[in-house]
Amino acid sequence: MAAIHEGPEFGIGDFVLLPELTLDAFMQNLKNRFEKGRIYTYIGEVVVSVNPYRQVDLYGKNYVDQYRGREIYERPPHIFALADSAYKTMKRQSKDTCIVISGESGSGKTEASKIIMRYIAAVTNVSGQREVERVKDVLILTNVILEAFGNAKTNRNDNSSRFGKYMDINFDFKGDPIGGHINNYLLEKSRVVFQQTGERNFHSFYQLLVGAPEDRLSQMGLTRDTTLYHYVNQGGDPKAAMIDDRGDYKSVVAALKNSGFDPKDIETLWNVIAAVLHLRQMHLERTLLSRVIAAGGQVVEKGLNVSEALYARDAFAKAIYNRMFTWIVGRINELIDPKHSGVRYAGKNTVIGVLDIYGFEIFDNNSFEQFCINYCNEKLQQLFIELVLKQEQEEYMKEGIEWQHMFLDAMAQKLKSERFTCRKLAPADKSLEHNRDFRIMHYAGDVTYSVVGFIDKNKDMLFMDFKRLLFNSSNNLIKSMWPEGKQLVTETTKRPTTAGTDFKNSIIALVENLASKTPFYVRCIKPNEIKSPVQFNDTRCKHQVMYLGLLENVRVRRAGFAYRMAYDRFLHRYKCIARDTWPNFRGNVVDGVKYLVNSQNCGQDVKYGRSKIFIRSPQTIFAFEEARDRKIPGIVLFLQKMVRGALARKKARQLRAMYLIMGCFKRYKMRNYILMIVERFRNVRQTRDFGKNVQWPSPPAVLQGLVDMLKKVHSRWRAHMILRKIPKEERPQWHLKVLAGDLLMRRRPEWGLKRKWEGNYLAQTRENSSTADFVSQINLLKSKDGFTKVLFSSFVRKANKHNKTAERAIVFTDKFIYKLDHKKHFKAMQKGIPFTNVTGVSITQGSDQLIVVHLSGGNDLVLCLYSHVNEERIGELVGILANLINRQYSRDLKLRVENGRIGCMLGDKSRSVIVRQMATNNGPVFRKEGSDLSLLIPSPS
């Protein structure tokens, strides 16, 4: 119940529940809530609103949803709760309701009425009805139009309503708006011709001068210089810091167009504003300087003196503007009148009335306008007290609760004092001037009024000459505003009623209208005079609290019972504080409520109505709240445990379901994928490449590992299918050819793929005539060094570090490399070079047989293979070396394939070997070429 307990730092959300009912306690709670950003507080179902003087994020869609359909005490105090309560009462009970918004100028009354309008528009269900949507739009646009022509900047408020407005919004039986009607009261037309220092005329004048296009102003004979026009510059600076006149002009023009005003009428309205600014057109001269009087059957023209002419001019300006404003309101009423909408609605028509009336005013100089305004506030305050008392009485009677009349007695005593005084009645009061001032002791304070101009303002002093002049206008709109001008000069007419009489009659009718409806109240407070969002002026706010009767309102609510709540909601809120009612009470709701009351020993402080429980003192409801607060943490923990358990179980079920679905889906995808692969590779056994060129379909991510394995399986199968045609004794050399091909393919065009690789060529008689010596020497080395077999042997031409060429035999075993002197029975030149010393191999891209075996130690083997049959053997040697290093030392052979020039190290010096072709009969030979070596090979024949 946030209205009771939003948190101790925010004070009490309902003044009725203040522990101590004093003015100081009331003010302290109001100030505390304002400083903490809580601008709304309840007095029962009355909303007290403090103007925040800043934009507050309290009115978005999320707030509308929070308060829609809720009881007023179920959410923190908010004007939406009151608007929703009024709407529900109207819709559910088919009762007319009204919302009375009161407070002094600048307290936020007009803004409150707009907030209520927006809320009602947001919660009504349009059900696609275009007419209902149109009415909503017109009702909202109405505010823009009426503010432009009826509001002005005052010293207290930049957007002060200078007229009273009561709007009835009509609803059909479904609760949808179908139209409305606006009554306006006492437009402050004197502002048209006079403004106090620091104030402005009505917004419309400045909007026209600042916002209208240049060509439009030129047509009207106006300029943007507001200082040229006396009617708009008397207050001083015509600019207002918080008002955008240019943007507002566009908004008003758009609102007039969108709400249905005729374009010609819109043009006429702005022309009227321009005419008031001018009042110097030539055809007005005669009417402004004289008046026509019918006396004794004769028509006489009487000239006016300067003061009379100026008075006539100002009266004319005020009357024109007043008639224009009245016409605007009438035109709006035509646009939103349900009878003129052209749509028939069945069922009962109910209304919600919204009253935005001027606040109580006390100025240094108070005249007829302030007298009328304060009279209106007196009547509304009296009605407020009467209706609040009436509501309380009806509530108690409906619920069968006895009503105590203690408050009425006090009111009767207070209202017996005299309220009027003047200097004649109080000769000692020198603050009152003789024959000028009188004082009325209003509910809001004493106000001194001046009688200067009082009678003239009360009378309708606009001469008939002006009315006849405007009735004869060629503009139909102007003509319609002055119907009485059709009377001839010689016709005798009844004296028009005075402004005071008209106003009194309209206020009486307003009060009767409000009294016939179920009322709801918004009481607006102005926190300071400087429009500060942080300052709370205690004296000013206390004065407003006093004259608005807020403390008396609290006393009325507390004279009997401070709090009341429906039985079911009371049981629902507090059932947690007793074991037998938690979590659910198995029995009658009233019995459950009584059990809770008895459990807290509060039986003496409550009464049981027919549908509600009534609690006399705030302390009792606080006791229930404190008991509930003690239980809430345990309940929250229990609920968290249950919710977390439920969420965990739900998540577990979801995970199991998810994994089951994922498993089924994976199996489905795998099965589909395997079937696709089977289909694609079904006949690869009969193809020439055994499926090498078959495109593998893109696998699901989860099957990527499987597909990689299948590709390897397919590759091994292809290899098997290819190799099965090769005899087993030839397979080792094919293995070497594959290794050599991986290293030399596309790097050396000829590398001996097509010939048979035999490896140990020096053991063959066709290659070596001294095979016996060779075999004998190899056996000696094998027994000495312990290698297993000879992998490759060949005759070579070798370059040494002295740049000389030597003919040698080279032998590559599985452990060592040997250089043999074949001319000395293949005697080993030195110890074998371990393969661990081999760091890499370099060859050329050509068909030469040059190979450099890079060794650690700075002395590489620079060899050129040769044989009598002139075979390509470089590829075979590369394959043998790659296979040996990979298998025996688990690393790859580092092979460089150069373009005709190979780098090497000889005698710890860096050299280059350059291959050159030339005519020679002695085979390849190394020669010194500068600091490098060249290998001369025979030119191709």
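The backbone N, Cα and C atoms fix where each Cβ goes, glycine too.
According to TrEMBL, the protein carries these features:
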type    : residues                                                       : note
DOMAIN  : 10-629                                                         : domain 'Myosin motor'
BINDING : Gly103, Glu104, Ser105, Gly106, Ser107, Gly108, Lys109, Thr110 : ATP binding site
REGION  : 507-529                                                        : region 'Actin-binding'
DOMAIN  : 745-939                                                        : domain 'TH1'
All-chain count of other Cβ atoms within 10 Å of Lys109 (ATP binding site): 28
Per-state residue totals over the region 'Actin-binding' (507-529) - DSSP helix, strand, coil: 9 helix, 8 strand, 6 coil
Sparsest-packed among the binding-site residues, when each Cβ's other Cβ atoms within 10 Å are tallied, from Ser105, Ser107, Thr110: Ser105
Least surrounded among the binding-site residues, given as Gly103, Gly108, when other CB atoms within 10 Å are counted: Gly108
Cβ neighbour count within 10 Å of Gly106 (ATP binding site): 23
Whole-number mean of pLDDT values that fall within the domain 'Myosin motor' (10-629): 78
